[in-house]
Amino acid sequence: MVKICCIGAGYVGGPTMAVIALKCPAIEVAVVDISVSRINAWNSEQLPIYEPGLDDVVKQCRGKNLFFSTDVEKHVSEADIVFVSVNTPTKTQGLGAGKAADLTYWESAARMIADVSKSDKIVVEKSTVPVKTAEAIEKILAHNSKKINFQILSNPEFLAEGTAIKDLFNPDRVLIGGRETPEGAKAIQTLKDVYAHWVPVDRIICTNLWSAELSKLAANAFLAQRISSVNAMSALCEATGADVTQVSHAVGMDSRIGPKFLNASVGFGGSCFQKDILNLVYICECNGLPEVANYWKQVIKVNDYQKTRFVNRVVASMFNTVSGKKIAVLGFAFKKDTGDTRETPAIDVCRGLLGDKARLSIYDPQVSEDQIQRDLSMKKFDWDHPVHLQQSTPTSVEQVSFIGDAYEATKDAHGVCILTEWDEFKKLDYQRIYDNMQKPAFVFDGRNVVDAEKLREIGFIVYSIGKPLDAWLKDMPAVA
């Protein structure tokens, strides 16, 4: 029986290995992590991450050919293929701080693999890593091995949170990069055979190592660029009276462009986009390409501008102050159908409102009070480091309350900010919400999920990203 081990039981490792186990019943799959609490959660009824369809997949395979364990060295030693899916956070200090990827955890994993291995292994990069990481890993493995042959492959993930299981079942493509040697080709074929159990072979792309590593960064940069492009247009739409939804629909009908990732919003978030672009910027700078680096920096600048613009619009609309006013925040996760808050725009929006002394009442169906407190008190980039390296008891953020119900959160509020596109926010009884709010009552829709005209008929003053401004908002312009 072929044995696969994945180091790292997070958003990538857990779902990916669960689907491999489901689709390849003859392969034994072990997911290992040094976090006892995380592994315990994977072995419980309450999985550590929320992802539609994940529960069902895990429960079908767990205990049969899918195992979650803290015995890292045992499973790595026994495995034929070792996936490494550890964090590659942005460095917070030292050379490249604020841009470069921190490969501490990757290097540690590589040294451990070299130390405990007793047989030849294929080591697969599953984390998003800088170009040429494989070369560094090869050196570590080669210099520590006991005449053991290690082949390094790059197999970046292209999952979208909220649809990860669907993406794994029916991927656009599977990318495998390896050395252009006979041994490298054999390793690529071995991994290709695993995916071929359910992925059509014409969707399995094989490249050299560097192309595979760079393709992941490039894909995320291109997607983020599209979001920043439409968000830049949303500001112009508001200034001219155009409707960004109509503009993006017209643009998306062009077959060369397509409709995906053209929804204007308060900004992009998630664990990958900003981190990968910063990584790309750093690589460009290191390779003497400042013009290319500056091009990609602008994608992040526009994203930051969009969040600032939203906060300024809220404050300006409410008589240029939110001091002491209750603002209900509906949604904290960076997108619907996930509990993930990494780099969520809600963090910067909430901090901006708190900076003007607002009182916040936050509701999200999947994010805990503890997580929100941690996010609002944490320094930038600390979120991607292990919990034991973060503040163990995050400072309680005053002026913030956490409510388990949208109607209670909005009661007596002066304004409502919709920051995540949860489906339930489209179906709320806004007449009921209006009746229980302070007047004038404001709705600031950062995801364009509500029918602005219907809300205006109820009595709300409504701001929707990139939509024509009503008279009230025109009379109280926001300074970006």
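Cβ coordinates come from backbone N, Cα and C, glycine included.
Database features, via TrEMBL:
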type     : residues                                            : note
ACT_SITE : C272                                                : active site, nucleophile
BINDING  : 8-13, D33, R38, 86-90, 127-128, E161, 272-275, R342 : NAD(+) binding site
DOMAIN   : 328-452                                             : domain 'UDP-glucose/GDP-mannose dehydrogenase C-terminal'
_Candidate with sparsest Cβ neighbourhood (10 Å radius) among N87, T90, Q274, the listed binding-site residues_ = N87
*asked:* If I restrict to non-local contacts, at least six residues apart, and a C-beta distance under 8 angstroms, what lies near Y11 (NAD(+) binding site) in its own chain?
replied: I49, E51, L159, E161, A164, S271, D340
*Counting across all protein chains shown, how many other Cβ atoms sit within 10 Å of the Cβ of D33 (NAD(+) binding site)?*
23
*Take the domain 'UDP-glucose/GDP-mannose dehydrogenase C-terminal' (328-452) and average the pLDDT across it for me.*
89
*Round to the nearest Å and give the CA-to-CA distance linking T90 (NAD(+) binding site) with C272 (active site, nucleophile).*
10
*Taking just the CA atoms, what is the gap between D33 (NAD(+) binding site) and C272 (active site, nucleophile) in Å?*
21
_Per-state residue totals over the domain 'UDP-glucose/GDP-mannose dehydrogenase C-terminal' (328-452) - DSSP helix, strand, coil_ = 42 helix, 19 strand, 64 coil
_Under 8 Å by Cβ from G8 (NAD(+) binding site), same chain, sequence gap 6 or more_ = V31, D33, F83, V84, S85, V86, N87, K126, S127
*Identify which of the recorded positions E161, C272 has its Cβ surrounded by the largest number of other Cβ atoms within 10 Å, counting every protein chain shown.*
C272
